[in-house]
Ligand SMILES: O=C([O-])CC(=O)C(=O)O
Ligand SMILES: [Mg+2]
């Protein structure tokens, strides 16, 4: 059976943009910024007269959805595996019992009941001072703990007190990572109960600094490191990981960590952080999460010369060598964990991100957070913002600064949603979206995703404000240092009129006696619930309509009270409920598209999602 090309999200359009005319004289237009539209790593320039909707785009438009659905109808290609990843038998053959895996190496895992000292040292089961008297007797813990028996609540209080005493964010980060390695449930209890306070610690912006200094703060490995040294042995490497039932893998190659660029092997902080959110925000079990860093070297001279750098000391492998390693990895993942494991690509550089998504979208359950997750969260924010700025989605004009993964992904998803609403071809919708600056357009929505900080200058924000009663301004680049502008700047320069959200959080701002709280337009709203939806439905492929389903669900959960405060996202304090609703909407779409394998379909998908969610409450040991 042939493996028909099934266009994954955003692929051909990027190809066409890449092929587009590059004009070096694109600077200076009515909004006062240059036409530079690449991320740090891409540094591409796109001509100002190259409208998003180009002739070349048209040729490939519509293929993705149509071909997906057609392929599904024909029953031909969606489930096909590429020849190298086809396995006959051996799927999830954990203990090496099948004939088909006779020639494969086996890790001699032994599972035993932890007790005594090793129980205290096991982060999955350790409860510290919360072991009861009975448990202390039954599990050989007498004398290994001081006499007091604490509650989990008291432990939480104590740890929050101590974390709050650290002034330096990185110290808070290290304290949280230490806790995760010592007492996993308590770590998640803290994160879940104090999500708004701790998100900036374990996630952006602090995780960015942590990655930059990862070699210096490295204590224990928290995920799998797959480097060029492991070429030919990746399946064995996967088998070294102690957990067998993996549902979500977040993988990076470290080449574009947030807006900080190439951090090589030290990008590991990102998969670790994202998966902590998968559990805390989306309820995916920690044991089912696997952070992975693919190390093909780094072009970051500073790291190559850093004596504490933890990765391969060589320049990045590219081309065939790179793709061969990635292919071995993707094949091994499917062979080891089966069809339903979600592989989330995170912080790959543009040139690889689109290609990997295209290549593996047909054979694996893959999701690119930077292209698709960010698109879904931004579409939700824009749809919600319509309540504040007025008009319908197709009535607005969008200008992007940054046509990398996020910019392209967002533009595509907005165009897709517009064309669903207007029933007009997607080419028409694309005409409202500009990936470059131009003298003639008067954008109503300004979206920054260039990875370059401070590009929304006073001039830019003032120009937006002079054209719009309520300009919608999204400064998406992370971490805070790379934000296109600060919340304070947005409110000051727009005289309090901007509807503003940013990728990394900003504190509320006071302007002329009024307090303005801004939202966080970060894919953290989407990926945990999105992944949970895939997991509970047993989905085998990601489809664009699932991204729309996630986005729709998020937008619906913005309350009147939020709107009154100028917010276009609900607060993170409700994120578990938000994620359960997103999961239910995504799962419903998976069933509708015939991409779900967990049958029969649960009647109430919200209840199903909620009941599947991880709880950090201590369990009693017999
Ligand atoms: O990690 C974040 O905060 C959002 C994201 O995916 C990125 O900036 O690459
Ligand atoms: Mg990312």
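Backbone N, Cα and C atoms are what each Cβ position is placed from, and that goes for glycine too.
Among 305, 468, 478, 574, only 478 appears in TrEMBL as part of the (S)-malate site alongside 256, 522. Checking the candidates 324, 370 against TrEMBL: the one annotated together with 346, 347 at the divalent metal cation site is 370.
When the Cα of residue 274 (active site, proton acceptor) is compared against those of the recorded positions 203, 256, 370, 478, 522, the shortest separation belongs to 203. Close to residue 347 (divalent metal cation binding site), meaning Cα to Cα within 10 A, are the following recorded positions out of 203, 256, 478, 522: 256. The two recorded residues, residue 203 (active site, proton donor) and residue 522 ((S)-malate binding site), have Cα atoms 11 Å apart. Non-local contacts of residue 346 (divalent metal cation binding site) by the CB criterion (under 8 A, 6+ apart in sequence, same chain) comprise 250, 251, 252, 270, 271, 274, 368, 369, 370. The Cβ of residue 478 ((S)-malate binding site) has 27 other Cβ atoms within 10 Å, all protein chains considered. Only 347, 370, in sequence order, out of the recorded positions 256, 274, 347, 370 have a CB under 6 Å from ligand 1.
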